């Protein structure tokens, strides 16, 4: 009997990379594998994508794990380096790094390195989180071009704040700032992540950085799914029924008795709970698949168990398979029901959930 297990479909992952190449045919791909590849497994994901042009991570530790695991492709530190003492390692491992503040620039100017570092200057075009402000950008860029520790030419990167809102006007403003600054500069350019790839073809430039869409999940909050863009879900969160019980009309279920059956029925108990990372906020009615059939969660999600209403005529039995999201049940639907973003759902699964990779 299988308890909580994430099944990762390598074939779907490779399909998605190819699909994104079709959407951005003139651009190279930075496959973003930060946060344990969005919960899909850092090394296994990178090894499944030998055709990716580079990989993107948020921490130096993630980059070092890739190198230790045999990944030789370029690795981009999307947030840059946090300590000047990391620069020799970045240089020796040939990592690319974002540079977005004065402290990082000064560290590069003062460092003693055997080889120069490939730099992506981060321009704040409107996200207002990381990056050099436009009015300071030319001077900052000039210093990078004069720095002996920076491999030339300097590349330029930015990030959209509202790419998933095509009618708000913010993305056009960011693109205008980005284009103005990049004009006449020889380096590579990148601004499009998942939303930009899907909705803003004029933003694709030299490199795109697919994140959540690489894993078959839509970055948009408009009830779309990855399938709407030709992508396939890579992760399926699965488990099993550990009990099937007769349940009488009028009886409550679970902590607090928040759900009361209106009929005699059969209840299934699933080996899954918030201790595995499934959202405790999932209300009664949230769908799961039992033997490929959609049934509703009833009562509160507990630490280790979820109850589902199988229906009065159900023939399901203990040990039968359950899918909480994934193939046949998009995680975007669970996000909509629980008001927990799909990004959070797939990245917060706990260490007791087993990982299984299939082709």
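In case you wondered, yes, glycine gets a Cβ from its N, Cα and C as well.
Taken from Swiss-Prot, the feature N6-(pyridoxal phosphate)lysine applies to 34, supported by experimental evidence. Taking a C-beta cut-off of under 8 Å and a sequence gap of six or more, residue 34 (N6-(pyridoxal phosphate)lysine) has these contacts in its own chain: 56, 57, 58, 59, 62, 78, 211.
Per Swiss-Prot, active site, proton acceptor is recorded for 34 (among others).
According to Swiss-Prot, the feature N6-carboxylysine maps to 122. Spatially close to residue 122 (N6-carboxylysine) yet at least six residues away along the chain are 80, 98, 99, 100, 130, 131, 132, 157, 158, 159, judged by Cβ distances under 8 angstroms.
Neighbour list (residue 129 (substrate binding site), Cβ cut-off 8 Å, at least 6 residues apart, same chain): 159. Reduced to three states, the DSSP call for residue 129 (substrate binding site) is coil. The substrate binding site annotation in Swiss-Prot covers 129, 303.
The active site, proton acceptor annotation in Swiss-Prot covers 255 (among others). Residue 255 (active site, proton acceptor) falls within a helical segment according to DSSP. Residue 255 (active site, proton acceptor) has a Cβ environment of 10 other Cβ atoms inside 10 Å.
The distance from the Cα of residue 255 (active site, proton acceptor) to the Cα of residue 303 (substrate binding site) comes to 11 Å. Sequence-distant neighbours of residue 303 (substrate binding site) (same chain, six or more apart, CB under 8 Å from its CB) are 273, 274, 275, listed in sequence order. Annotation note: residue 34 (N6-(pyridoxal phosphate)lysine) sits in a helical segment as assigned by DSSP.
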